[in-house]
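The feature compositional bias 'Basic and acidic residues' is assigned by TrEMBL to 1-12, 31-40. The region 'Disordered' annotation in TrEMBL covers 1-40. Annotated transmembrane segment per TrEMBL: 49-74, 86-105, 112-131, 161-182, 203-225, 237-256, 342-363, 391-412, 424-445, 465-488, 497-521, 546-570, in sequence order.
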Amino acid sequence: METRRQTNKGEEGMGVSTGHEDTATATTVDWRGRPSNPEKHGGMRAASFVLGLQAFEIMGIAAVGNNLITYVINEMHFPLSTSANIVTNFIGTVFLLALLGGCISDSYLGSFWTMLIFGFVELSGFILLSVQAHLPQLKPPQCNMVTDGERCVEAKGFKAFIFYLALYLVALGSGCVKPNMVAHGADQFNRDSPKQSKSLSSYFNAAYFAFSIGELIALTVLVWVQTHSGMDVGFGVSAAAMAMGLISLVSGTLLYRNKPPQGSILTPIAQVFVAAILKRKQRCPPSPHMLHGSQNNVLVGSVATSKFKFLDKACIKIQDGNNVKESPWRLCTVAQVQQVKILLSVIPIFACTIVFNTILAQMQTFSVQQGSSMNTQLTKNFHIPPASLQAIPYIILIFLVPLYDAFFVPFARRFTGNVSGISPLQRIGFGLFVATFSMVAAAIMEDKRRNAAVNEKKILSIFWITPQFLIFGLSEMFTAVGLIEFFYKQSSTGMQAFLTAITYFSYSFGFYFSSVLVSLVNKITSSSSSDGWLKDDDLNKDRLDLFYWLLAVLSFINFLNYLFWAGWWYSYKPSSSVPLQSDAHGEEFMGQGFNSSKIVADVNSIP
């Protein structure tokens, strides 16, 4: 088995030294495959080129995703509920494919090459969307869905095929690029260095700042271009933005610290489960010498924990008096078991963010349509594109994020001792709590808008629905950044991109759940005398306000559920990295100086 070496110094406070040089540098290479030089490679200078890709990539795909429902309704002529599901399914697929991108990166290609290859796939999708939007023969005949909805011809056959092909080329490319942007940028910092550990925390905030800048430009400039110059030009600008992002990525090639792929990351995980099942009748041994990957009466944090103890049997050695070499499918190392336990432990945290992302889905679908039915006039000659409403929180966040990193984090660090100010789990929890109030605001405003339109024959200003975007933007700053930081820091060596992809996988579940929830709500609320809450294409006939109240209740219940899992269930892994060395027989074992009782104490003391 390939030996992986890392030191175990850093922010988690273990303070263990293996007596070797800084091997975190030795495990990364430059663009030629040679060991990276900490004076030449990595750091915020190298990460800034990845931030450039992140800003341009989100700029391109946000301009498509946030205004896609308008294109699907007005030019593809799909009904409102179908259009909403097309958008949520598309965005859900983007985030679902993030797992594929993380797996390919960690196992075979590495982050840089995965981003480069699939970045061009995404670019090709943008170009094809632009071509379809430009050529009349690739779209159904023009028709006004508001006045002539029943006579409009829906896109079918070859035209629908071209649309879905382009859309899912974008989804495939973006899905595989997203987790690697975060992971590759974070890889430019040595987590075992206290100084760079602080820089790493700042990087996550900088990544969200780049995301906010990209979203802001997409939701203002690019959406305005789509509205006034046509969707073909708008999609073309998205393609240009993606091309600029790829140029930014390639420009930093000489500065990157690259983590080589580790081989299949799924095989070692499967081996743990198979070995544990095959040895299910074994008793956990009293002596640590009987555990493969342990030495000198030392237990690793993974085995010291009481969670998933059945997996510990996967690293029990056969004691028959003979030096029997067991198959990797029957005997695993302690480090492998720890890796699997980390994956299982984060599942409840992951699940608690699904409802949060279901709320996000509404901001990109029904809230846009909500704005479309309001007065969008800002001046005599200027109307606000409804999709641009989503830019409001990002205008605030481009000021809040730097202030958060420059003032709140150092202030909180004095009291908590945490390099991030507050722990990622605390940050996620606060964001989930705030998200509830965005749906409360949305429900109140929709009720007011509907009553004004139906009973008073008045059309309210679009600015009435800005509070829900502002509140959710604040919520997203805490939850999204907290999630990325949490999953990256809890990942094992060689799995950073994969575990970071789980963050985006949560987005996928949220958007898919949104589609299921819309269909379920319509089915339950439909009767012989009335349609469902979201059945009609006219929001004045629908009950979107009740749907928002339902989401507010689900969000609050989800927050209480999160408190249980984050407060009672999850314990931070004892170190940001697990130092593995080889003994004289080539077996992996934990570095000297560990003490099992100290590990348990340290785990309980980590914020």
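Note that Cβ sites are derived from N, Cα and C of the backbone, with glycine treated the same way.
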Which sequence positions outside the transmembrane segment (342-363), separated from its termini by at least 6 residues, show Cβ-Cβ distances below 8 Å to it?
88, 91, 269, 302, 307-308, 390, 425, 428, 431-432, 435, 438-439, 442, 468-469, 472, 475-476, 479, 483, 486-487, 490-492, 499, 502, 505-507, 509-511, 513-514, 517, 548, 551, 554-555, 558, 561-562, 565-566, 569-571, 573
So, do the transmembrane segment (161-182) and the transmembrane segment (86-105) meet, by the test of 3 or more Cβ pairs under 8 Å (sequence gap 6 or more)?
yes
Determine whether the transmembrane segment (237-256) and the transmembrane segment (112-131) share at least three Cβ pairs under 8 Å, counting only pairs 6 or more apart in sequence.
yes
Cβ pairs under 8 Å only, please: of the recorded stretches 49-74, 112-131, 424-445, 497-521, 546-570, which one is richest in them relative to the transmembrane segment (465-488)?
424-445
Counting only residues 6 or more past its boundaries, what in the same chain has a CB within less than 8 Å of a CB in the transmembrane segment (203-225)?
44, 47, 51-52, 54-60, 62-63, 66-67, 181-182, 185-186, 188-189, 233-234, 237-238, 241, 385, 387-391, 394-395, 397-398, 401-402, 404-405, 409, 420, 477, 480-481, 484-485, 488
Looking only at the recorded stretches 86-105, 112-131, 391-412, 424-445, which one has the largest tally of CB-CB distances under 8 Å to the transmembrane segment (497-521)?
86-105
How many of the residues that make up the compositional bias 'Basic and acidic residues' (31-40) does DSSP mark as helix, as strand and as coil?
0 helix, 1 strand, 9 coil
What same-chain residues lie close to the transmembrane segment (86-105): Cβ under 8 Å, and 6 or more beyond its ends?
61, 65, 68-69, 72, 78, 111, 114, 118, 167-168, 170-172, 174-180, 183, 261, 265-266, 361, 364-365, 497-512, 514-515
